[in-house]
């Protein structure tokens, strides 16, 4: 969509406001809202100059001594917000550093743009396609509190396995999925059909093509909405829009949606499998006549991801909660291997009917990942594999959780904690710096920023510690 078409959308919808959105390092969207008349008074100038804001108020960004930042709207992203009472056109923005007029080196969307530019400049390909699958839970309610004398959380979900013995307005229907029993049953066990359909209707209205929606494995209403792939920056934009729609539709239904990887103990967590392929001159470079129909280029791309996986974990699995999901036997891929069939491997090659659909699927990321950063980092790791012809070795076509100890010890794993992942990123990040995609300043500031998460968890007594140690 051009500036001209964005202006037409504002005029045709009779929008009262324009909502400018951007994403911080953690992956959370922020927004500033301006009256639509300001845009219409001089659209070309407004789209060029954007909106100034205080960058020091965004965690992990500028200090207060040099905090001026600029939002530059991307007209191609404009859509009418489906939730606001007053008609409002939403536009996603790049964050610009006024010092040089370029994308701020800590702005996730600018990093993603630089990754796309680096792919083209490398000569390897001209387009990278990404197709994430963010899973999520929808609960009836959640309570949590942390204080110096009290720490607790409690999830309320009529569809949770733990609710079988509860009185619910004097009646308990009994229809709910068991632990690990939530995958695609019909109603009344699947109580989220209408909710998901409402989400899908809005997503399709925003131009995000939905391919399927269904309940997922976890009890307590775990869900997935599968959407079509797109180019890197566009697909990251759509992932942010998806999260916004999912959380707001749930809110309007009187429920609460979360993308936490592991909100429920003892059941499957939520991942964000990321499908990827590289194209050049209209040809899929991952299609070939090798293992599972892959080309050498695709195998080298896999090799790069496996080589750098522990460093990638700091970006693709950026929360302390991420590593409560990445444990064996909960359908979470912990083994750094690849396979055409084996879902215990961290890289899977989906079965497809066409060479155009040939792709690889990274299964270890989760939806707390900032999509701009995660997709850019995965691409950079894969490109390093292609550039240096890093072969991933033989595929792993047997259950990696059932290997004998001597074989199991030979298969590398993803990180076991955020602390380990940050240490890996500190030691292995040169591949991210190529083409100026990520900066050394970003690496250092990101590690320091996320180490605060590690510190907070390390300093907080856990209720399980009282169970295990209080009476010793």
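Backbone N, Cα and C define each Cβ position, glycine as well.
What Swiss-Prot says about this protein:
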| type | residues | note |
| --- | --- | --- |
| DOMAIN | 13-101 | domain 'GS beta-grasp' |
| DOMAIN | 108-472 | domain 'GS catalytic' |
| BINDING | 133, 273, 361 | Mg(2+) 1 binding site |
| BINDING | 135, 216, 224 | Mg(2+) 2 binding site |
| BINDING | 211, 275, 276, 277, 343, 348, 356 | ATP binding site |
| BINDING | 268, 269, 325, 331, 343, 363 | L-glutamate binding site |
| MOD_RES | 401 | O-AMP-tyrosine |
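Locations of recorded Swiss-Prot features on the structure.
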residue	record	Cβ within 10 Å
133	Mg(2+) 1 binding site	18
135	Mg(2+) 2 binding site	21
224	Mg(2+) 2 binding site	22
268	L-glutamate binding site	22
269	L-glutamate binding site	26
275	ATP binding site	18
276	ATP binding site	25
343	ATP binding site	15
361	Mg(2+) 1 binding site	19
363	L-glutamate binding site	23
Candidates 133, 211, 275, 343 (binding-site residues) with Cα within 10 Å of residue 224 (Mg(2+) 2 binding site): 133
Distance [Cα-Cα, Å, rounded] between residue 331 (L-glutamate binding site) and residue 401 (O-AMP-tyrosine): 10
What is the three-state DSSP composition of the domain 'GS beta-grasp' (13-101), stated as helix, strand and coil residue counts? 22 helix, 36 strand, 31 coil
Cβ neighbours within the same chain of residue 325 (L-glutamate binding site) - under 8 Å, at least six residues apart: 261, 262, 269, 270, 271, 332, 366
The residue listed as 'O-AMP-tyrosine' has how many other Cβ neighbours within 10 Å of its own Cβ? 12
Enumerate same-chain residues with a sequence separation of six or more from residue 216 (Mg(2+) 2 binding site) and a Cβ-Cβ distance below 8 A; give 'none' if the list is empty. 135, 182, 183, 222, 223, 224, 268, 270
Taking only C-alpha atoms and a 10 A limit, tell me which of 133, 363, 401 are near residue 348 (ATP binding site). These are the recorded positions. 363
Among the recorded positions 133, 361, 363, 401, which ones place their C-alpha within 10 angstroms of the C-alpha of residue 276 (ATP binding site)? 361
Under DSSP, is residue 361 (Mg(2+) 1 binding site) part of a helix or a strand, or is it coil? strand
Three-state secondary structure, residue 133 (Mg(2+) 1 binding site) (per DSSP): strand
When each of the binding-site residues 273, 348, 356 is scored by other CB atoms within 10 A, the minimum falls on 356
Top Cα neighbour of residue 275 (ATP binding site) in the set of recorded positions 133, 361, 363, 401: 361
Can you figure out which of 133, 273, 361 (the binding-site residues) comes closest in space to residue 211 (ATP binding site), comparing Cα atoms? 133
